[in-house]
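Novice: As listed in TrEMBL for this protein:
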ACT_SITE  S340  active site, nucleophile
BINDING   H118, H227, E529, Y571  Zn(2+) binding site
DOMAIN    27-600  domain 'Neutral/alkaline non-lysosomal ceramidase N-terminal'
DOMAIN    602-765  domain 'Neutral/alkaline non-lysosomal ceramidase C-terminal'
SIGNAL    1-19  signal peptide
Amino acid sequence: MIWFAQLLLLLLLVQENRTVVGATSNYLIGLGSYDITGPAADVNMMGYANMDQTASGVHFRLRARAFIVSEPQGNCILFVNLDACMASQLVTIKVLERLKTRYGDLYTDKNVAISGIHTHAGPGGYLQYVVYIVTSLGFVRQSFDALVDGIEQSIIQAHENLRPGSIFVNTGELLDAGVNRSPSAYLNNPTAERNKYKYDVDKEMTLLKFVDDEWGPVGSFNWFATHGTSMSRTNGLISGDNKGAAARFMEDWFDQTNAGSTFSKASESSEVPRRVSNIIPIVHEKHHELLELAASFKSSPGRPATKFMSMARRVRSALRLADRPRFVSAYCQTNCGDVSPNVLGAFCRDTGLPCDFNHSTCGGKNELCYGRGPGYPDEFESTRIIGERQFKKAVDLFNKASEQLAGKVDYRHTYLDFSKLEVTIPKQGGGTEVVKTCPAAMGFAFAAGTTDGPGAFDFKQGDSQGNAFWKLVRDLLKTPDKEQVDCQQPKPILLDTGEMKEPYDWAPSILPIQILRIGQLVILTVPGEFTTMSGRRLRDAVKAVLTSSTGQFNGNVHVVIAGLSNTYSQYITTFEEYEIQRYEGASTLFGPHTLSAYIQEFKKLATALASGQPVQQGPQPPDLLDKQISLLAPVVLDATPIGKKFGDVCKDVPKNSTFKRGDTVTVVFWSACPRNDLMTEGTFALVEVLQGKDAWIPVYDDDDFCLRFIWSRPSKFSARSQATLEWRIPETAAAGVYRIRHFGAAKSLLGSIKHFTGSSSAFVVA
C-alpha cells in the first residue's frame with residue numbers, strides 16, 4: 001500500500017500546483033525576444049557623446065524583450081525593454097505603424113511602452129532630433145532598422161505566445177549596485193525630505209514573475225536604478241552593459257536549471273551561469289590523447305558560407321526547447337538619473353585622490369575625474385560584477401515571489417507640449433502660483449559630463465554662471481532671448497536647443513506620458529532620466545492619488561517608473577537639485593519646474609485611471625524621418641592581401657597548445673566590415689568543441705560574456721580588415737578539444753555581398 005500512498009500524494013501535489021498556477025490565473029501572458037545588435041563597425045556609440053567612440057566589434061549582443069498582458073476579453077498592455085541607450089520617438093512611431101498594419105487597433109501609443117536600459121555601448125544614430133545624432137554624423141539607417149525590426153519581431157513572438165497565466169510581484173533591496181554621482185545636488189533637497197530615506201539612491205528592485213498555466217515560469221522583468229555606464233567612454237565593443245549582462249546571466253541560469261527545476265542554487269553560486277554545460281560532452285581521454293586528436297585539425301582556409309549558417313550554429317538555439325516558450329528575462333531602467341554603477345567612487349587619474357565634491361574636478365579640470373567600478377581598472381569585470389549583483393537579487397526575488405497580481409489591466413496616455421506647460425505650484429507663505437516650463441535648453445554643466453564619462457575643455461559641473469568665450473560660440477548657433485534666459489534661471493544656457501530649428505528640430509518639445517496598470521502594479525513610463533529624489537516624488541504623488549480612490553487598490557499598489565521610454569528628453573531633477581546645476585540639472589531641458597509639470601500631469605492621468613475616465617490625446621509629436629541627414633560613409637569595398645581569402649587565419653593558436661581555465665585564447669582572421677551583414681540572430685564568433693572524432697558542437701558565440709569579437713582596420717579608409725576573437729576560458733569549461741570559428745560577409749566593388757567562414761587550428765583545454 002506504500003505505492004498507493006505515494007501515488008495519492010503525487011496526485012495531491014499535482015492538483016495543488018494546478019490550483020496555484022492554473023485555476024487562479026486571470027490574464028493572458030506572452031513574452032518575446034529578438035536581436036537588435038545593429039552595426040558593429042564605424043557607427044558612433046550612443047550615450048557619452050564622444051565622437052571617438054565608434055563601434056568596433058561585439059562584447060555581447062543586444063536584444064529587445066517584450067511582454068504582453070491581456071484580460072481574456074478586455075484590455076491589454078505591451079511593454080518592450082531595449083538593450084539600447086534609450087527609446088526614440090521616431091522608432092516608436094514606426095513600430096506603431098507596423099503594429100497598426102499587422103494588428104489593427106489592438107496595440108497603439110496608448111497601451112504600448114518601449115523603454116531603454118541606458119547602455120552607453122550601443123550604436124547611435126536612431127533618434128530623430130539633431131542634438132542626439134550630431135556625434136553619429138547624423139541619422140544611421142542601419143541602427144534605426146535594427147531596432148524597429150527587432151522590436152516588431154519581439155512583439156510578434158510575445159503575441160503568438162499569449163496563453164493563460166499568472167503574474168507575481170516581489171520587491172527587495174540591492175545595496176551594492178549603485179551610488180549617487182551628484183551628492184552635492186542631492187544634499188540641496190530639504191533636510192526633512194532626505195531624512196525620510198536611508199540612502200541617497202533607491203535600492204529597491206521590483207520584479208515581475210510570469211508563470212504560464214501549462215509550462216510554469218516563462219520570464220521575469222524587473223526595474224532597478226543604476227546607469228548603464230560600467231563600460232567606459234573609450235569602449236568600442238557593442239554591449240548591453242551591466243543590465244544586458246544580468247539579463248543574459250538569468251536567461252542562461254534558467255536554461256541550465258532545466259526550465260526551473262533547481263532555482264535556489266543560482267542565488268547561492270558565485271559563478272555566472274554558462275548556457276552550454278548540458279551539451280558539452282564529458283571527455284575521458286588522457287591529455288596526450290587529446291593533444292594527438294587536436295593536432296589532426298589544422299586551421300581551415302576561408303571558404304564561402306550561406307547567410308544563415310551563423311544563425312544555425314548559434315549556441316542559444318541549440319538549447320532552446322522547441323515545444324515550450326523561451327524564457328525571457330529583462331532588467332529595465334527606472335529613475336537612474338544620478339545613480340552610477342561605479343560604486344568605488346570618483347577619483348583623479350593623476351593623483352589617485354578623490355575628486356572635488358562640489359564640481360567633480362581635479363585641479364579645477366573635469367577631464368581627469370572618473371568613477372571606479374568594482375572591477376577597477378577592468379571595465380569588463382566591473383560590468384560583470386554589477387550585472388551579477390542584479391542577477392542574484394533578481395533570482396532571489398524570483399524564487400520567493402508569492403504576491404499574485406489581480407485586477408484590471410488598464411492604461412492612460414497623453415502627449416504634452418513641455419515647452420509651454422502651465423504648472424500650479426505651492427507658493428511660499430501659503431496659496432499657489434502658476435509658473436511655466438520653458439523651451440528646451442542645455443546648460444554649461446552639460447558639457448562637463450559626469451564622473452561616469454567626463455567632458456572636455458574647461459566646463460565643470462555646478463556652473464551657474466557660464467563662460468564668456470563659450471557664450472560667443474553659442475551665439476553663433478542661437479542666442480537665447482531674455483524670456484528664455486529668465487525662464488531657465490539659474491541655468492546658464494549653452495545650447496538653446498528648443499528654439500533651434502535648422503535643418504530641423506534640435507530637441508523635442510512634445511512628449512508622451514503614460515500609465516500602465518496590471519492589477520496592483522502601476523508602471524509610469526517617462527521620456528527621460530529622473531533623479532533619485534525626483535522619482536520618489538513622482539511615485540509618491542501617483543500612489544497618493546491611486547490609494548485614495550474608492551475601491552480601486554485598497555491601499556495596496558506597487559508604483560514603478562520605467563525610464564527612457566517612448567522618446568528621450570534627457571534629465572528631470574528636483575527644483576532644488578536644478579539650482580545646483582550639476583550635469584543632471586544642466587540637462588533638465590524644460591527649466592526648473594519640469595518635475596512639477598510631470599507630477600501635475602501624472603496626477604491627472606492617475607485620477608482618470610482610478611475613475612475610469614478618458615484623457616485627451618494631446619498634440620502629436622512630429623515624424624522627422626524624411627528630414628534626416630546622414631553623413632556616415634557607406635562600405636565601398638572589402639579586400640584581403642594577395643594570396644589570402646576572407647576567413648583565412650592570420651594569427652593562429654600556437655601549435656600543440658594546451659590552455660587552462662582562466663586563460664585567454666586569441667585568433668585573428670582576415671575579415672570584412674561587419675556592416676555588410678549584422679548577423680542578426682546569428683554570430684560573428686563561435687567556439688566549438690569536438691564530440692567524438694569528427695563532430696564539432698557549438699558551445700560559445702558572440703552573445704556570450706566570455707567571447708569577444710573585435711574588428712579593426714589598419715586605417716580609416718582601408719579596405720582590409722581583421723577580426724580578433726578572444727575567448728576567456730570560463731572556470732566551468734569542460735576539458736576537451738576546441739577550435740574558434742569566424743563568420744562574416746564581404747562586399748565586392750560591384751556591391752554584391754558574399755558570406756564566408758574560417759576556423760582556427762584545434763587546441764586543448766585541460
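Every residue, even glycine, has its Cβ placed from backbone N, Cα and C.
Just tell me what is around each of these and how deep it sits.
Specialist: The 10 Å shell around the Cβ of S340 (active site, nucleophile) contains 24 further Cβ atoms across the protein chains shown.
Note: E529 (Zn(2+) binding site) has non-local neighbours H118, N335, C336, G337, G563, L564, Q570, Y571, I572, E584, i.e. same-chain residues 6+ apart with C-beta under 8 A of its own C-beta.
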Novice: So around the Zn(2+) site, H118, H227, E529, Y571 aside, which residues have their CB within 8 A of the centroid of those CB atoms?
Specialist: Q333, C336, G337, V339, G528, G563, L564
Novice: Restricting to the chain of H227 (Zn(2+) binding site) and a gap of 6 or more, list residues whose Cβ falls under 8 Å of its Cβ, or answer none.
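Specialist: When sequence neighbours closer than 6 are ignored, H227 (Zn(2+) binding site) has H118, G178, R181, C336, V339, S340, P341, D452 within Cβ distance under 8 Å.
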Novice: Indicate the candidate from H118, Y571 with the smallest number of other Cβ atoms within 10 Å of its Cβ, considering only these binding-site residues.
Specialist: Y571
Novice: I'm checking region-level scores; what's the whole-number mean pLDDT for the domain 'Neutral/alkaline non-lysosomal ceramidase C-terminal' (602-765)?
Specialist: 96
